[in-house]
């Protein structure tokens, strides 16, 4: 059994950031900056309360007689207690014989076109530790993008206005950046485990390094761009932020309404329809917060039983990074045009070039991760570079067809091959992550999105949910001019 080091890292970042924020807010109070003090406390206490509620919800403490645990969560000490409980469980493994064990079935990564299914016994203590890891993986994402990301943006904005960095503010900014990057990393790993829950996933150190560098450059660049733009156009930053947030908040709901699917009722048995709606709104709120600063590896799909899209959509990712790159360049251009004498101490053209290059470096490490370091890249039906190339070709075709002068005299037809005529190479008959990941094969395990618990069920043929997310574009689009 692995040491719960991820739990320790999550709790350490949570405690360090909360302590640094409280100290910095006290310095703002001493200096008479009540606005900065209030915003610093707001971006500290709100995510802390959400973290406590998430831990209570996943562990189902409301339905259990544990008043002391609930009291500690009210005092905002829940993560520390959960961490101690997890290490106590880890230390007790092997000392007492398990009264019963459960059997899990996982497939190994295919080698030579074949994958073997392996059964493994999971004891009660290991199952509890698994639930703790899953809970802290989700709280790390909540803390990162609902607390650390706005906190880092606020403190960097204050540094720009005051043209200086104090020790307390600099410490909080470093911890916040580490918390955001770690939360994005946990989001990537969580997405891999959810999409490929039938397989035994082994994430190697080189994959962690690529994700860390990818997310570091992406998030740092995004925060700096927003701060520079807001420092010269304070009134326009609010529409930009609200537009970004509303687009990503409403997008999962629009897809859900277009699918005409019934309202999800299987999130939690004890929740009413109103409670389920609140949980779904919080989920899409978190999804919008993630996409505000970086690409969300976990794609929300409200008409799926797990609420997560398990297909790998290269087109959506390509469109996101293209639009985000153009947006960052536009905001930097506006900042360069409207900058005042306040920025005479820096070389503005060089700064703009550095930020654009840093975002390009982030995209480069993302390509390296998906092309060479992804633990399930053998299950991809097509490589990411091929998907990005197809997306670029499709965008060029759309731009060409939109211009009547450049349109040829012939007829351009976009044909989607029917299922009866579509041909696939024999090597691509394996688990296809670009279409429907697990709908076309019998599944011996089910996956609980809330606590990552694996349940054994009889083998039966699942119903096809719909073959990927709404709006996915097939990789096999042939253009005959």
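Yeah, the Cβs are placed from backbone N, Cα and C, and that goes for glycine too.
Feature annotation (TrEMBL): of 277-298, 387-408, 409-430, 431-452, the stretch labelled transmembrane segment is 277-298. Ranges compared are 235-256, 455-476, and TrEMBL records transmembrane segment for 235-256. Of the candidate ranges 36-58, 235-256, 277-298, 318-338, 277-298 contributes the most Cβ pairs within a distance under 8 Å of the transmembrane segment (166-185). If one looks beyond the transmembrane segment (36-58) by at least 6 residues along the same chain, the residues whose Cβ comes under 8 Å of a Cβ in the stretch are 14, 17-18, 21-22, 24-25, 28-29, 70, 73-74, 76, 78-79, 82, 131, 134-135, 138-139, 142-143, 146-148, 150-151, 154-155, 158, 268, 282, 450-451.
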